[in-house]
């Protein structure tokens with residue numbers, strides 16, 4: 001094998017040469033560094049805040065050139081500057097304000113984010129388009145770009161990580177945590193559509209809390225954005241954002257751009273106050289606002305230490321818990337604040353045994369039994385739920401939940417809540433009866449009660465519950481009206497006496513019944529059955545009938561009986577007197593006192609004879625539109641027989657009632673028919 005091959009006489013020499021070469025190479029690296037003097041002290045930082053640069057030098061000790069650099073840099077003063085300090089690049093531009101440029105003084109403003117040469121000092125003369133490079137290099141420590149930690153050193157842009165180390169590639173996550181995983185904030189994005197009215201000219205778009213970052217809003221439309229702020233100390237402010245520019249609002253930088261058809265708002269953050277973005281109406285058209293930002297999770301769960309042991313000796317248990325902690329105020333708050341964030345998962349309590357030493361009063365030995373078998377753990381117990389606070393539309397019911405523990409003998413007693421915190425506490429409040437309350441359901445209007453002029457139309461209004469079943473429980477105050485006036489544009493052929501909408505004359509009611517019929521409709525109404533036969537064969541007797549409140553259910557095409565109070569108006573009489581004519585040819589004479597109780601005070605007997613409509617005459621035309629006139633007769637209202645018109649009161653005679661008929665156009669006649677007609681007229 002090759003590994004066992006015998007060494008040749010030259011092998012020791014080659015090995016020695018290799019070792020000498022390796023030693024010389026290592027020595028040359030040491031000599032290279034040895035040609036340099038030691039590094040000198042670090043210089044003063046180029047800035048006092050906001051991140052600057054410091055350098056250190058070393059000398060070359062060789063007469064020849066040394067490999068490597070004679071200067072090194074590091075960052076320094078990595079603390080935030082106070083808001084009033086202003087931008088470092090802007091300070092360098094303003095230093096030239098008192099130096100004439102081409103014979104004229106200017107107020108210079110910084111030009112940032114130059115993609116070609118970010119480390120040159122370019123400034124723009126205020127109020128002009130003049131941009132000038134006032135210096136080839138900015139001062140060390142100047143940021144290369146406004147939203148980056150990279151800094152200019154000796155005219156070159158150097159990478160700076162969020163750990164403030166030169167050459168570091170470590171970056172902040174979206175929450176502003178260096179090398180973080182993004183778990184301390186949440187992305188919020190959405191869209192708002194303005195719904196402004198003449199009485200409400202502004203509205204809230206979104207609230208952006210303290211500490212939020214990377215905020216961007218875009219408004220499209222004629223409306224206008226403005227800001228309201230509230231600091232942690234409670235101070236309030238407002239900014240109308242009237243023009244394009246970069247503003248400082250409560251120590252937070254706001255970049256606002258205004259265009260003819262849109263507005264763009266950017267804030268890098270973190271915000272130093274709670275911001276409320278609002279919209280103000282500026283035109284008849286609606287606007288939309290799209291927004292996105294990272295909201296800090298300012299309430300987080302914090303695990304507590306173990307609570308005191310449940311026993312001083314002989315074996316007990318102790319638990320940890322979790323409390324909701326406000327990172328801004330550094331205090332414990334109610335648990336509901338932590339439940340607001342879905343990312344927040346409450347840690348489960350930990351349970352451990354404690355004080356396992358025997359109690360002094362015992363024989364010095366006590367076996368520790370598993371708690372889940374011989375000594376049950378404390379547990380939550382709840383009382384029954386209370387009655388729901390609302391019968392419909394969503395209510396709440398509550399119960400009491402307490403921590404109890406059971407001893408070895410099975411006796412249950414109250415315990416401190418922390419003992420049960422190893423399991424979630426049962427809810428003490430829950431929603432109930434979340435189904436919708438009964439509501440009025442109005443159906444379609446009926447046809448108008450007349451064929452010309454002014455009349456009435458009706459509709460069914462039912463109280464429907466969440467199961468789509470007709471029921472009660474709706475508020476009478478909110479019930480839609482069931483009838484309204486209607487006008488038929490077809491003119492009546494003769495002037496018709498104008499009657500009140502709610503005319504009470506018996507003949508008018510009868511006219512409506514004649515036109516509409518007595519059938520059940522979609523409007524809850526009283527439906528009487530036919531009168532029974534008169535109880536006597538002559539003289540004055542009594543008739544009775546059944547009157548029901550009914551409605552036609554359009555969705556099932558069935559008739560339903562309703563409670564009497566569902567029908568509007570007076571209930572028709574279910575009993576009335578009747579007159580069967582004189583007995584044995586006697587002259588009809590009646591004792592009104594005998595019939596008062598029978599008539600029920602309605603005085604129907606005084607109206608035993610009255611005018612009523614009885615159909616219509618034949619149409620005046622067979623086609624092309626004609627007229628029918630209602631026939632008016634004087635009737636005995638009990639026997640329904642026509643009587644002499646002198647028995648009816650003349651002043652109560654109803655007006656003439658007309659309706660159109662034969663509205664179809666007449667067929668066109670042929671020339672042959674016209675010729676025959678003409679011949680007939682000429683007598684041929």
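Using the three backbone atoms N, Cα and C, a Cβ is placed for every residue, glycine included.
In TrEMBL this protein carries:
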SIGNAL    1-28  signal peptide
DISULFID  45-76  disulfide bond
DISULFID  49-81  disulfide bond
DISULFID  60-66  disulfide bond
DOMAIN    104-185  domain 'ADAMTS/ADAMTS-like cysteine-rich'
DOMAIN    188-296  domain 'ADAMTS/ADAMTS-like Spacer 1'
Next on the checklist: Distance check, please: Cα of residue 45 (disulfide bond) against Cα of residue 66 (disulfide bond), rounded to an integer number of angstrom.
Outcome noted: 27
Checklist entry - Along the domain 'ADAMTS/ADAMTS-like Spacer 1' (188-296), what average pLDDT does this model show? => result 84
Checklist entry - Got a sec? Which of these disulfide-bonded residues, 49, 76, has the most Cβ atoms within 10 Å? => result 76
Item to check | For residue 81 (disulfide bond): intrachain residues, at least 6 apart, with Cβ closer than 8 Å | outcome: 49, 50
